[in-house]
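A.B. asks: Quick one: the structure is below, and I'll ask about it shortly.
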Amino acid sequence: MGLTRILVKDGGFGTQMTVHVGNSVDGDPLWSARFNATNPTAVINTHLDFLQNGADLILTNTYQTSVEGYMEYLELDEQESVELIKNTVRLAHIAKEKYLTECYEAQLAVPEGYPLIIASIGPFGAHLHDGSEYTGSYADYVPAKTITDWHRVRIEACLEAGVDALAIETIPCQMEAEALVEMLCDDYPDVKFWVAFQCKDESTLAHGEDFADAANAIWDLLAERKALDKCLAVGVNCVHPKFVTPLFKSLNGERSPDEQIPLVVYPNSGEVYDVTTGWQGREHCVPLENYVPEWAQLGAKIIGGCCRTYARDIRRISEAVHDINKLKKLV
């Protein structure tokens, strides 16, 4: 699955889901993951929205799923919780089949093997529901093995249900990323993945490490283990879009196109979240598709959206990506 053309990822799942369920997502300790149990049709339709608007790959709605979370907030037992995670992956498969049927009936060509279904593997901090996925503070006191053991349950459930790759995403600290990459190399040698960091500014991870150092460390780790072909990309997500270009320049700016590390990027819309008033500043946001050419030049191979990006935003990103792929004769 080495990437030649640039692929379009879906947008903010919880954001687009509000179209189907209203504004009952924010503030829930399970976030959109509750709807995997209570409204699976809305989950399928949210995936479908993104596919119909040009996404080459969709992420399963498993970012904030965990056995502990489901046991506490849905009163499921351990086995039921694991089964719900597997079923969540199946919802993405249902959406994919519906989409392919629509394309077939409309006589629209779809590239063979696409769309891809990628398991969303959010950070350890997400299930703590204390905002620590945006600080990485747990890296200072939680041992790496505790973190990888926690991740393993969800990873295995997703792999059993059938996914094309894993999105190791919104990772706020270098330690968690390295521990996960080592575990994947050791225990899941056939599984492909990407690693997307959460960054607080134009140079550093949420926990304070230098982004370029962390990304290079991951790449070197993979090279040492002769496992570079396992990694689709390294990059960032859930960041302000204005930070992306400087972050990517710090990593790939001095590299020739042939030496660039393949990058993944799916930023937020550019709105800023305020605890009392919610999301602010939509009117001042630069449309994400405007950034696509510069990100592509710096090595971006997968481009999509995160918080506050809707299916319509993905449509516009898709059009911009298509133009670049066409120019490079990669369509």
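Any Cβ shown, glycine's included, is placed from N, Cα and C.
Model, not experiment: these values are computed from the prediction.
Okay, these came from TrEMBL:
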type: DOMAIN; residues: 1-321; note: domain 'Hcy-binding'
type: BINDING; residues: Cys238, Cys306, Cys307; note: Zn(2+) binding site
A.B. asks: Which residue among the binding-site residues Cys238, Cys306, Cys307 has the fewest other Cβ atoms within 10 Å of its Cβ, if you could check?
C.D. replies: Cys307
A.B. asks: Can you work out the mean pLDDT of the predicted model over the domain 'Hcy-binding' (1-321)?
C.D. replies: 95
A.B. asks: To test your reading of the Zn(2+) site: which residues beyond Cys238, Cys306, Cys307, same chain only, put their Cβ within 8 Å of the Cβ centroid of those residues?
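C.D. replies: Surrounding the site, in chain order, are Gly12, Thr170, Asn237, Val239, Tyr266, Pro267, Asn268, Gly305, Arg308, Thr309.
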